[in-house]
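Before any comments, here is the structure.
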Amino acid sequence: MSSPLVPSADPLHITVRFTTSIPDLLLDIPEPDETTVIALRHLIRSKLDPPTSQHRFRFIHSGKLLKDDDILSSVLKIPSPPPPTPDPKGKGKAVEPPPPRVYINCSIGDVLTSSELAAEAVAATASSKKSKKNGRSFARLLTAGFTAAEVNQLRLQFRSIQSNIHTPETMPSPNTLLRMEDAWIDDNAGNAGAGAGNGGFDFGDDGLGGGALDDLLWGNIMGFLWPLGCIGWLIREGGVWSRRRQIAVFTGFVLSITFGMLRVAS
């Protein structure tokens, strides 16, 4: 099971498994929603002795190479905790299992220069400050008064749109999706009042175009060529399209009916 959609205050328990004979390194990350991969790399260096700590580290998780700017909570698959086990002493109190751990494979490469190590330390510090200052994705809305359930629903709706307009091969990575959420919040910050009465969140561009002309063009084409499907989708998935495109789809639907009636009459 992957990491939860809404950020958790619980620490992330990581086991780093090295490709050499170095014993596993156990780490507890208190803020996984604000910790980047490069910050984790810098932390691991501080736990190792030279010369191992001066080598190049590459992290692999679930067969994927982790990038420096990835946020841990968005790229690591956190397993579900096992259910409590009955008390072996028979006193009726369930025994809480240990928290689940996430395993990361660490490949050790060549030795880095002192300038490369210093640059990594600066980048790790800068990434942590940036995450704490700007927040990440829809989690920023928690500080604006949204509940966790509302943020979760918003994220599910946003990612449902992305899955509809991307194939599995072109689907953005988890970290890219977080940046897209950030961009959506920033782009719509000035239109919060205007979008409140639309009956749903206005995600703007839904992959078929960017501006007003695209909305009108594609909306009319979709409403004309696929009227029943579009109307059914609008009823079932309210808020997926912008208000402007909904109107364009409806006009295309009306035009389709009008065109059909003219053909019947002729």
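Every residue, even glycine, has its Cβ placed from backbone N, Cα and C.
Keep in mind that TrEMBL annotations are predicted by a computer and have not been checked by a curator.
Pulled from TrEMBL:
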DOMAIN    12-74  domain 'Ubiquitin-like'
REGION    77-98  region 'Disordered'
TRANSMEM  216-235  transmembrane segment
TRANSMEM  247-265  transmembrane segment
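For the domain 'Ubiquitin-like' (12-74), the predicted model reports an average pLDDT of 90. Residue counts of the domain 'Ubiquitin-like' (12-74) by helix, strand and coil are 17 helix, 23 strand, 23 coil (DSSP-based).
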